[in-house]
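Reviewing the structure listed below.
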Amino acid sequence: MLDVCLLGTSGMMPLPGRWLTALMTRLNGSSLLIDCGEGTQIAIREKGWSFHSIDIICFTHYHGDHISGLPGLLLSMGNADRTQPVTVIGPKGLERVVSALRVIAPELPFELNFIEVTNPQETICVNDYVINAFRVNHNVICYGYTIEVKRTGRFIPEMAMQNEVPIELWSRLQKGQTIEKDSRVFTPDMILGPQRKGIKLTYCTDSRPVPQIIEQAQGSDLFICEGMYGEKEKQSNAIENKHMTFYEAAELAKQAGVKELWLTHYSPSLTRPEEYMKETKEIFPNAKAGKDRKSITLEFDKNE
């Protein structure tokens, strides 16, 4: 299962009661963070989650409201006695940008391993996370992310016996290991059926609606998408500033066939997003106005 927390929902600047947009997930003891604006570490503390377990930090782009909180977070992670390396993922220029921010956090008790995304779409596997970065349409290079948790096929004892797999290897093979024993190589597909549907989360902020968002979000269990503007009369602002309205995000969710939509990254002038949800739900009924620390646990389909 995948624990998901929308740490903040504000765009451009933090507001009283609304931190800057960021997402955190937990999976098998490993945490992943997408974006880290001013105050993100406070939002993590308010949620009661730990800095220590953050193994992966992804950045959508390098505007200040998405990255300015990184030095403080890194210092807090160091103070939490973290020593394991942290993987940092982001668009081209990642190491240069992070190095500049680290002027105030030059010494850390852990390494930063940088993965710069340069292609329109790239897949990165870290721990049990399958991370897919995809280019979106903002006024700087910007990426959305899908986070997938793969699920193995069902264990089929008859298949294991037919393939003469020793019983003592069954457990390790079910965990995805490949084992060499007595001059034979045993692989998971010798005891498992077809791969089952896993968990899929899609996160997209700072973009105009583009086809690749629909493509990447297809069938997501949860789609977290920016809704900078709820007011229909601000459609021109959305176009000019390369953002989205609630209604454009809802249309993306509808076309992608997602199960649930959470809106986020609200304009500072948008103080009551719930007032615009009635018309949003007319487009996509399972749309919800994101709130700081809104959380859910996504689980595997028990019928699979």
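Each Cβ is built from the backbone N, Cα and C atoms, and glycine gets one as well.
Annotated features in Swiss-Prot:
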- H61, H63, H138, D206: Zn(2+) 1 binding site (BINDING)
- D65, H66, D206, H265: Zn(2+) 2 binding site (BINDING)
- D65: active site, proton acceptor (ACT_SITE)
In the structure shown, with every protein chain counted, which of the binding-site residues H61, H63 has the densest set of Cβ atoms within 10 angstroms of its Cβ? H61
Can you tell me how many other Cβ atoms are located within 10 Å of the Cβ belonging to D206 (Zn(2+) 1 binding site)? 27
Validating a neighbour-count step here. Other CB atoms within 10 A of the CB of H265 (Zn(2+) 2 binding site): how many? 29
Can you tell me the CA-to-CA distance separating H63 (Zn(2+) 1 binding site) and H265 (Zn(2+) 2 binding site), as a whole number of Å? 13
Same chain, 6+ residues apart, C-beta under 8 Å of the C-beta of H66 (Zn(2+) 2 binding site), given in sequence order: L20, T21, A22, D35, C36, G37, F59, T60, T205, D206
Identify all same-chain residues not among H61, H63, H138, D206 whose C-beta atom falls within 8 angstroms of the centroid of the Zn(2+) 1 site's C-beta atoms; report them in sequence order. T60, Y62, H66, N139, V140, C142, T205, S207, K242
Centre the Cβ atoms of D65, H66, D206, H265, go out 8 Å, and tell me which other residues of that chain have a Cβ in range of the Zn(2+) 2 site. G11, M12, L20, T21, D35, G37, T60, H61, H63, T205, E226
Taking the Cα atoms as reference points, how far is D65 (Zn(2+) 2 binding site) from H138 (Zn(2+) 1 binding site) in Å? 14
